[in-house]
Amino acid sequence: MGAWAIAVHGGAGVDPNLPKERQEDAKRLLTRCLDIGISALRSNLPAIDVVELVVRELETDPLFNSGRGSALTENGTVEMEASVMDGPKRRCGAVSGLTTVKNPVSLARLVMDKTPHSYLAFAGAEEFARKQGVELVDNEYFITEDNVGMLKLAKEANSILFDYRIPTLCTCGGGTAMESPIQMNGLPITVYAPETVGCVVVDKEGHCAAATSTGGLMNKMIGRIGDSPLIGSGTYACDLVAVSCTGEGEAIIRSTLAREVAAVMEYKGLNLHEAVDYVIKYRLDEGKAGLIAVSKNGEVACGFNTTGMFRGCATEDGFMEVGVW
C-alpha cells in the first residue's frame, strides 16, 4: 500500500492585475475540489473515479473555462472537450465538439468504458451521449454574461482571447495598434489565461489517473481542437505518473507535453519534480503553459512558465496547498 496524492488546476497564465476577489473565489473553488477528492481517496475510491468526480465539480461551477462558463467560439456558441486516462493499462477516453453535454469529462469516461474507441467528436459524440442517457442541456446553459462581454471585446480587438481579460491595445504615433509579440503557429495573438481545468490522482494502490476539460479559446474558430482531449499532449497517465496540462494548446500539442513528463522519468531516470522542471524549461519552444503531476510513489508537483497558475495539491501525510502565483 502506498500513499495517495491529488492535484487540481484551473488554468495557467494568470493576469498580474487579477482582482483580489477573483483570486479568492478561485482559491475557494480549488479548496472545495481538493476536499472532495481527499474525501473520496480516504473512502478508497480508485484514482480514475476521483479525477472524474473532481473535474465534474469544476465543470459545474462557472468560474473556470470548462462546462458551464466555457469560452465562446467566434459564433458565440460553446464547443467543449475533455479526456480521461487510467494509468494501470493506459486506457483512455476523449471527446471534442460537445454542445449539449453537461459534464464532458463523464462522457469521455464513457468513451473509455463503453466503446472500443478512444476518441469521439462533434455529432458522433453527441449521438453517443444521447444513447448513454447522460444529462443534456441547451447550449445557452454554458454561456455566461461575462463571456458574452469578453467575446465582444475579442471581436473588437480582432484577436483570440484565452479567457476573460480585456485586451490591451498599444498605439504609437499615428494611432496604429502594435502587433502582439506572442505568436501561435506563427500568427500573432493576444494571450490570456486559458483556465482549462484538470485533476491528477494517485490512490493508495499506487494507481495513477488524469482528467482534463475545457471550453478552449475565446473567439476560437468553429471546429478548433486544443490539447485537452489529446492523449499525450494535454492528458497522460501510466503506471508511473499522471499529468494534466493547461496553457497555449498549440504549444502543448507540438511538445506532447504530458507524455514528455513520463518519458524523461522513464528514459532519463528523473524524479517527478526534476521531470516537471525539465519539460517546462526545455520542451515548450517559447510556448506558455503549466501542468500538474503525481507519481506512483505519492509525490505531487506543479510547474509553469507563466505569471501564475490556479492550482492546489494535497498528500496523505497532511500537506495541502492552494496557490495562484
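Even glycines carry a Cβ here, placed using N, Cα and C.
Whatever TrEMBL says is automated annotation, not expert-curated.
Some features that TrEMBL has for this protein:
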ACT_SITE  Thr196  active site, nucleophile
BINDING   Arg224, Ile225, Gly226, Asp227, Thr246, Gly247, Glu248, Gly249  substrate binding site
Review point. In angstrom units, rounded to an integer, how far apart are the Cα atoms of Thr246 (substrate binding site) and Thr196 (active site, nucleophile)?
Key: 6
Study note, to complete from the structure: Students should find that the Cβ of Gly247 (substrate binding site) has, within 10 Å, a number of other Cβ atoms equal to 30
Practice item. Other Cβ atoms within 10 Å is the metric here; tell me which of the binding-site residues Gly226, Gly249 scores highest. Key: Gly249
**Study point:** Close in space, distant in sequence - Arg224 (substrate binding site), Cβ under 8 Å, 6 or more apart
**Key:** Thr73, Glu79, Gly216, Leu217
Study note, to complete from the structure: Least Cβ-packed of the binding-site residues Asp227, Glu248 (other Cβ atoms within 10 Å) is Glu248
Review point. Cα of Gly249 (substrate binding site) to Cα of the residue listed as 'active site, nucleophile': how many Å, rounded?
Key: 10
Exercise for review: To the nearest whole angstrom, state the Cα distance for the pair Gly247 (substrate binding site) and Thr196 (active site, nucleophile).
Suggested key: 8
Check your understanding: Under 8 Å Cβ-Cβ from Ile225 (substrate binding site), six or more apart in the same chain: what's there?
Key -> Glu81, Ser96, Gly97, Ala121
Review point. In Å, rounded, how far does the Cα of Asp227 (substrate binding site) sit from the Cα of Thr196 (active site, nucleophile)?
Key: 10
Practice item. Name, in the order they occur in the sequence, the residues of the same chain whose CB lies under 8 A from the CB of the residue listed as 'active site, nucleophile' and which sit 6 or more residues away. Key: His9, Gly10, Gly11, Phe64, Asn65, Ser66, Thr212, Ser213, Thr214, Gly226, Ser228, Gly234, Cys245, Thr246, Gly247
